Amino acid sequence: MSCWCLPGRPRLWTAGCDLYVMTRLLGYVDISDPRFVAAVLAITFNPLFWNVVARWEQKTRKLSRAFRSPYLACYSLGCAILLLNFLRSHCFTQAMLSQPKMESLDNPVAYCVGLALLGVGTVFVLSSFFALGFTGTFLGDYFGILKEARVTTFPFNLLDNPMYWGSTANYLGWAIMHASPAGLLLTVVVALIYVVAVLYEEPFTAEIYRQKASQSHKRS
């Protein structure tokens, strides 16, 4: 089956291709499999958890008071996020291994492409972490731990939210290396959840720094 189009209708051609690809993926994937469902839940839960906790802390400062330090509170949340991310990756891998491979991806070229994506994603994730530091990575601004200025060094000079898209590239590469349609479908879920997280987080973070700038201006 080929991707269809009508003359002068490139959008219909694109939609047809997308529909064909998704149909093929779904033909390989049992979305009712408990391990697949667990992976979807883990992918969805993680950003929800850290956003709810971070906003609650920003409004109440209860974590900072409980730990008697905003830094200790932020480190604790960061460790919890790391553990949840390890669980998410484990669920992702188990969901892949429990479902069939796609023959057209089960070859050395595809494996190398997946490995390259995994390498690029890892570079983005690690370089983002080193540029932001622990508190900058793990929502320190919600704990009142603010940076003096926006980070513009690599990889932030290449794209916004490089840690999110680096993580997405990691999952995409991992799925391709395993020739896994389930992994590809879960990667789509990862990307969509990150898009929602960015839309939710960025205005709120911008408001935190706007308030900081306003307070600094009043003091001066």
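Each residue, glycine too, has its Cβ placed from N, Cα and C.
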Asp30 vs Glu207, membrane side identical per TrEMBL: no
Long-range Cβ environment of Glu202 (S-adenosyl-L-methionine binding site), under 8 Å and at least 6 residues apart: none
CB contacts for Gly119 (S-adenosyl-L-methionine binding site) [other CB atoms within 10 A, all chains]: 13
Packing count at Gly121 (S-adenosyl-L-methionine binding site) (other Cβ atoms within 10 Å of its Cβ): 22
Long-range environment of the topological domain 'Cytoplasmic' (88-114) - Cβ separation under 8 angstroms, sequence gap at least 6: 28-30, 33, 35-36, 38-39, 41-43, 46, 171-183, 186
